[in-house]
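To start, the structure under review is shown below, and the notes come after it.
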Amino acid sequence: MTLTFPQDFTFGTATAAYQIEGAVTEDGRCPSIWDTFSHTPGATIAGDTGDVATDSYHRWREDLALLKDLGVDAYRFSIAVPRIISTPDGVPNEKGLDFYEGVVDALLEAGIKPVVTLYHWDLPQYLGDEGGWLNRRTAYALADYAGIVAKRLGDRVDTWTTLNEPWCSSYLSYGAKEHAPGLGLGPGAFPAVHHLNLAHGLMTQAVRAEVGDKAKCSVTLNLQFNRGDADACHRLDLISNRAFLDPMLRGRYPDELFSITKGICDWDFIQSGDLELIHQPIDVLGINYYSTNRVAMSDRPQFPQSTEASTAPGASDVDWLSTEGPHTDMGWNIDPDGLHDLLVRVHDNYPEVDLVVTENGMACKDQLTVNEDGTKSVHDPDRIDYLKRHFAAAKRAIDEGVPLTGYFVWSLLDNFEWYFGYAKRFGITYVDYATQERIPKDSFMWYRDFLASRKG
Ligand code: IFM
């Protein structure tokens, strides 16, 4: 591939704690809402849990060896909140901090920048018991936690990401039933949206209070890119994207968000001063991108009085149409132009902030092949093609002036894919879950060659 990215562009790969670590009862870790949820019968498709996952809590050195072999500039991983604030008394769990300090130091020694996500959905259950993200106190607890981590690791972490995909931890978790805690409250998810926004602001402040202005602060959003009927796209843009982007980057919610949710939410959980707290300067906006949607207006009413489960409360009049193939093993369409168009649009609307693709990748039906000489391979040409086309789309955006500074492939390893458990494989490294053997797939070799070619 002859794509030439800027020399200082950061290429990496990403994981998240609950998806890889396992060891859920070790070294003082407390249960999280995902432990509870995944152990609830019927909550994940085959009853899979993150109890063992890829056992990376024990095998992280093996994973580090993979990263070194791959030649990435950076590794994006998340810190398990229940390993750090494992008790409600606010006393940090030193063993948890020691674990991540070991990982960060080893990454730095290997010349790999640590890019930390502070919250990737593993809320301690004791906070869940108090209402989780429906309770504004959760935002303050997460800010205390962010300060604790920043105090220990502040001098060594390259980038601090407050939240990963608050769309998932609000709409998918409180609006619908697919993610923990799976409450299905429809418009009842809006307080969670606001409290996650508040947490982002407070966590950013807490990191800067410990690390000072040299802290590179960020948040990662899975912005939805919708094609089709303009009214439907606009409605979803307000609910799914601007409900996070505008408070975080503009210090206000769009007025239209209030009008389209009139009758289903009074937003009285927004307290005076909240928007100033949420609107902290950030250095980087992370975007997770996988696919696009096709939407249209229906004949249904815009303002139903219903509180039925929904990932887009206030858009009951929008239909999701089937998308053109090909699709990934998740059933998501492959649309590299969508990445380009999304990056351009975000930059047009929020020109002040650098962008990073913090996740992009593909789930495939990977098959392990045992070769005649006993070696093992996984041939995943579709994933290589997917990555090449998305890299090209990102490069096109850079050439058009988008300040995109990094790209992280999801994921380093096959792992626990939430509701789908272990049935979906996103890794560039295959994990044999029976033995925990790691087998780099062809896409790993392709990425390694691509990265090597950049270093000349
Ligand atoms: O596995 C997830 C990750 O945790 C968050 N972003 C999307 C990925 C694929 O679904």
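Every residue, even glycine, has its Cβ placed from backbone N, Cα and C.
Keep in mind the model is a prediction, meaning the values are calculated, not measured.
Within 10 Å of the C-beta of E165 (active site, proton donor) we count 25 further C-beta atoms, all protein chains included. Per TrEMBL, active site, proton donor is recorded for E165.
Other Cβ atoms within 10 Å of the Cβ of E359 (active site, nucleophile), summed over all protein chains shown, number 24. DSSP assigns E359 (active site, nucleophile) to a strand. Taken from TrEMBL, the feature active site, nucleophile applies to E359.
Taking the Cβ of Q19 (substrate binding site) as reference, residues of its chain lying under 8 Å away and at least six apart in sequence are, in sequence order, G50, A53, T54, H120, S411, N415, F416, E417, W418. The substrate binding site feature in TrEMBL is assigned to Q19, H120, N164, Y290, W410, E417, W418.
The local packing around N164 (substrate binding site), expressed as other Cβ atoms within 10 Å of its Cβ over all shown chains, amounts to 25. In the structure as shown, the Cβ atom of W418 (substrate binding site) sits within 10 Å of 24 other Cβ atoms. E359 (active site, nucleophile) is 5 Å away from W410 (substrate binding site) when you measure Cα to Cα. DSSP classifies E165 (active site, proton donor) as coil under the three-state reduction.
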